[in-house]
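Below: the structure, in structure tokens.
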Amino acid sequence: MPSWTLVLAVCAVGIGGTFQYGYNVSIINAPTVHIHKFLNETWSSRYQTELNTSLLTLLWSVIASIFSLGGLCGAHIGGSMAIKLGRKGALLVNNFIAILASILMGISFPTGLFELLMVGRFLIGVNTGIGLCVQPLYIGEIAPKHLRGTMAMGSSIFLTGGILTGQIIGLRELLGGEKYWPILLSSSCIPALAQLLFLPWFPESPRYLLIDRQDEMKCTKALKCFHGPLHYQAEMEDIQREHLVLNGEKPKKPWQLFGDRSVKWQLITVIVMAMGQQLSGINAIYFYASYIFKQAGIPAEKISYVTLGTGACECLTALTCGLLIDYLGRRFLIIGGYTLMSFWCIVLTFSLTYQELYPWVPYLSMASIFAFILSFGLGPGGITNTLTAELFTQSSRPAAYMIGGSVSWLSFFTIGMIFPFIVNGLKQYCFVVFLLESLLVAIFIFFVIPETKNKSFLEIKQEFQQLNFRGRVKEKEAELYERRQLCNE
């Protein structure tokens, strides 16, 4: 079992990290109608003319989608901040961005400036982009290898917890009403303030202190704090071995990884998993959820409460995955998750096609939605960030997170842009596209990714060397064979 210090450290980084992402993705849905009204009234008072529908749609689209643009920018700078300021320092500085964003969104309504709402959404996107990059980096580096999977799942647990919290706070009985939506959007400052209060009590990443800062004394002190004075020695030896192998190698830039053959397949894996997670069909599930719940006979005014079940379902799967990941392994869970998602895509395609044929079919569709979310949480939703931390050594890890984060945010933005056209064009058959995507990612992982459970970062790197240098190994074997032939002659 991890020490209480490790558990509390995961909570301290999670509340201002991935929790912010889940929370801010979730809360923007509740005040949609009220923000539309605010835009209309502001435009009318400013220009003495009505805001036409197309321009209203454009303004709302900017407010909603500029969050992902901010996330992309945050992913680009998150790795650099983690190198220059340290993992802990980057997270602490990041909270001031969230506080500024909350202030701007909060005063947008009383000042009548919807532009402040756009800037605030962009800045909170930057905050979440940095958090998604640095938080799993910190957790992966402080966790002992036999508990790395369980502790890394803290990122997913807090992300899903943020989604569920946002769904609850956004109910019209709480802060989702017309009077309180500015408070709802500015409430992002609360997790930021909580992290500023609690995170300073915990030490910096020991790996960062020794390998990046060459400070063995602080590294030893941090390890004793995390693991206790009787159990820190094994982790210290593991960090020293990695430090010796890296031999003073400086942290790499993202573009340097693309030219480094020793991380070729690790980098391809991160890109495939980041794209696969966003393009897996989870967005389609949430799009169809309200329609399916309505078809099942749930009153329209009660659907928002039923939707809470999807958030609770995600939280449950994150917790379950955290308990299973270090027992069943990463490969089993992520391949199983994608395979099950493929199966539920087939079921949903048929159930949505024959939705009105039998009275029990809508209930099958509803069960399939929850089953798909469970499969996503047990597979790509929980394992992707864990594997990104494990596939790279210290010098390459921040750059890998920058690349993976950028690909993830670009995929998130792309699916947001093209998803309405996919649904309008293919209707329920859009799940066939997601079926093929999930199967392809599962096949890729099956043939490429080794099991990383209970292995050090150096052991995992060694397993990838055969794949990265397969061509060169064959060339050397051919040369050796030719030399033997010449010697025999």
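Glycine is treated like the rest: Cβ placed from N, Cα and C.
What TrEMBL records for this protein:
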| type | residues | note |
| --- | --- | --- |
| DOMAIN | 10-453 | domain 'Major facilitator superfamily (MFS) profile' |
| TRANSMEM | 55-77 | transmembrane segment |
| TRANSMEM | 89-110 | transmembrane segment |
| TRANSMEM | 116-139 | transmembrane segment |
| TRANSMEM | 151-169 | transmembrane segment |
| TRANSMEM | 181-202 | transmembrane segment |
| TRANSMEM | 267-291 | transmembrane segment |
| TRANSMEM | 303-325 | transmembrane segment |
| TRANSMEM | 332-354 | transmembrane segment |
| TRANSMEM | 399-423 | transmembrane segment |
| TRANSMEM | 429-449 | transmembrane segment |
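The transmembrane segment (89-110) shares the most Cβ pairs under 8 Å with 181-202, out of the stretches 55-77, 181-202, 303-325, 332-354. Under the criterion of 3 or more C-beta pairs below 8 Å, with sequence separation of 6 or more, the transmembrane segment (116-139) and the transmembrane segment (303-325) do not qualify as touching, having fewer than 3 such pairs. Listed as Cβ neighbours of the transmembrane segment (55-77) (distance under 8 Å, sequence separation of 6 or more from its ends, same chain) are residues 21, 24-25, 28, 32, 35-36, 39-40, 114, 117-118, 121-133, 401-402, 405-406, 408-410, 412-413, 416-417. Here the domain 'Major facilitator superfamily (MFS) profile' (10-453) has a mean pLDDT of 85 out of 100.
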